[in-house]
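The block underneath contains the structure these notes are about, expressed in C-alpha cells.
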Number of protein chains: 2
Amino acid sequence: MEIWFSQMDTENVKTSVRVDRQLFSRQSEYQRINVFESREFGRMIVLDGEIIFSEADEFIYNEMVVHVPMAVHPCVKNVLIIGGGDGGVAKVLTQYPEIEAIDVVEPDEMFIEVSREFFPETARGFDDDRVKITNMDGLRFLRRCRDKYDLIINDSTDPFGHTEGLFTREFYGNCYRALHDDGIMVYQHGSPFYDEDEAAFRAMHRKAYQSFPVSRVYQASIPTCPAGIWMFGFASKKYHPLKDFDAQRWNERQLETWYYTTHLHKGAFMLPKYVEDILSEEEMKK
Amino acid sequence: MEIWFSQMDTENVKTSVRVDRQLFSRQSEYQRINVFESREFGRMIVLDGEIIFSEADEFIYNEMVVHVPMAVHPCVKNVLIIGGGDGGVAKVLTQYPEIEAIDVVEPDEMFIEVSREFFPETARGFDDDRVKITNMDGLRFLRRCRDKYDLIINDSTDPFGHTEGLFTREFYGNCYRALHDDGIMVYQHGSPFYDEDEAAFRAMHRKAYQSFPVSRVYQASIPTCPAGIWMFGFASKKYHPLKDFDAQRWNERQLETWYYTTHLHKGAFMLPKYVEDILSEEEMKK
C-alpha cells in the first residue's frame, strides 16, 4: 500500500510526499491540523493542507528568521514571535544569552499541544524560562503594545484564512509602534515565483516599505515551500541588514548552524532579477 | 478529466504538474522524449521522466550557466556545449558578439528535432551562423580536442544513463585538456538536498577539484528541479569566479535578463552551511 500526502503549490502544481502513517488529524478552532510520518522529510505538521514544518528542512526557515536580524541588531533583549506554534523559532532564539524575554503569541492552543506531543525536540524551545506563551490573535495582542520589543518575528502561516489580519497595513503599523526606536521586524514574504502568489508578494512589500524606513527582502531555498524558494522581509526603523551587519561579532558566538553562515547572510539579499523588478515596481507606488 | 505528469524527485517525493495535453512521446536511440503542454510551466520537455526544460523557468538555468562564466573570462571566442539539445544555452551565448564559434555536441538528433518543432523560440539559438551541431557522444568528441576552447558548458542531463560518461574523472581531464590555458568549464552539479543525490554531488566536486586549480560551486533556485535548488560547478585553469569577476564590464553590455544580475552573481557563490560542509569534506580527500 502507498500513501501520498499532496500539497497544492498552485492549482496546477503539487508536491507529494510518501507517508508511512498519519499520526494526528483534527480540526482546531482555527485550522485542520495533520501530523504525518514521512520517509523523506521525517515528521511533518500540515495546517490546512500546507506543510508548515518538517523535521528535514525546518532548520532552514528557523535559522533564517532568527540569525539574520540577530547578526544585525547589536543588542536584542525583548522578542515577540507572532505565531510560532511549533516552537522552532523560539528554540533558535534561546541560543542567545542576551535575550531576556520571548513572547510567543499563538492563538491555536491545539497547535502547541500537537507540537509538544509529536515534536518534543523542537517544542522544548517553549520550556526556556524566558519564553511566555499567550494564546491570542497576533493583531489583537499588538494593539496594546508600545515601544516594547527589539525584534518582532512574524511566523504566522499565510495572508489568507485566520491569519489574514497579520498581513494588513494595520498590522505593519502596529508592529512599528510595538518596536523600540531601533527595532527590527522579520516576516514571511512568501514565494515569488508562481503567478497566483505574486499579488500577495507585491502587497506585502508595499505595506512594509511604506511603514518602515528600511525594508529589504531576502531569500532561502526551502524544499517543502512552493517552487522551493521562500522570501523573508526585513523591515527596520534604523538598522540596514547589510550595512549594519556585524559578521565578526556573530561568528564569535560560535553557534552551530546547518544553513546560515555570515557569507550566506549577504548572499541571501542578492535577489533574482525578476524579484528585484517586482520590488522596485512596488517601491515606486505611493 | 485531469491529467497530471509526475516527476519523481526521489523515491519518496514527487512534483506533479497539471497537463493539458501530451504533444509528443517517442523513444529515441538514447532516451524517452515527451513534450507536454502545462498550465503552470507552459510547454515542457521531459527526458526519461525528468523535466529538462520548461518555458516558465528555463531562463534561470540558461542565464546562470552562461552569464556567470562570461562575466569572469575577459574574452571568450570559442565555446563548447556538451548536450544542449534544446538550444537554450546556445541562444543566450549568441547575445555575445565577441564569441566566434559555438560547438554543440548532442548525441540525440531526435531531441534537437523535437526542440525545433515544439520550442522554435528557444531552438533558434541553433540558427546563428556561429553554431555548429555535432551528433556525437560528448566524451568521444572531447578525446580529440586539445587547447581549443575558452569555455566548456556541460549541459548534459544526469550522471546516470547514456550521459554517465560525462561525469567521470576522464571527462574532467578531457575538458581540462580541451581548454585554453585560461579556460573555464561550467557544469551541472545537481541538487544537494536529498540523501540519494548526495553521493553524486560529492563525487562531482571531488573530481573537478582534483582536475582544476580553481573549483567553486554556485546555486540557483529552479522550481522544476528536485527540492527547488540546483547547483553548478565552476572549474577553471586561471580565473576565480569572484576575484576575477568584472561586474562593470558585464553591466555595460546591457543584456536583458530575468534571473541573473551582477549582484546575484556574487550571492550565488554564498552557499548554505550544509553544502559548504559537504564541499570541504570532499576537498580534504586525496
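Yeah, the Cβs are placed from backbone N, Cα and C, and that goes for glycine too.
These numbers come from a predicted model, not from an experiment.
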Quick check on the annotation: TrEMBL has B:GLN31, B:ASP137, B:GLY138 binding S-methyl-5'-thioadenosine, so which of B:GLU2, B:GLU63, B:GLU106, B:GLU109 does it put in that site too?
B:GLU106
What DSSP gives for B:ASP155 (spermidine binding site), in three states, is strand
To what whole number does the mean pLDDT across the domain 'PABS' (B:2-237) round?
94
Given the binding-site residues B:GLN31, B:SER156, B:THR157, the candidate whose Cβ has the fewest other Cβ atoms within 10 Å is B:THR157
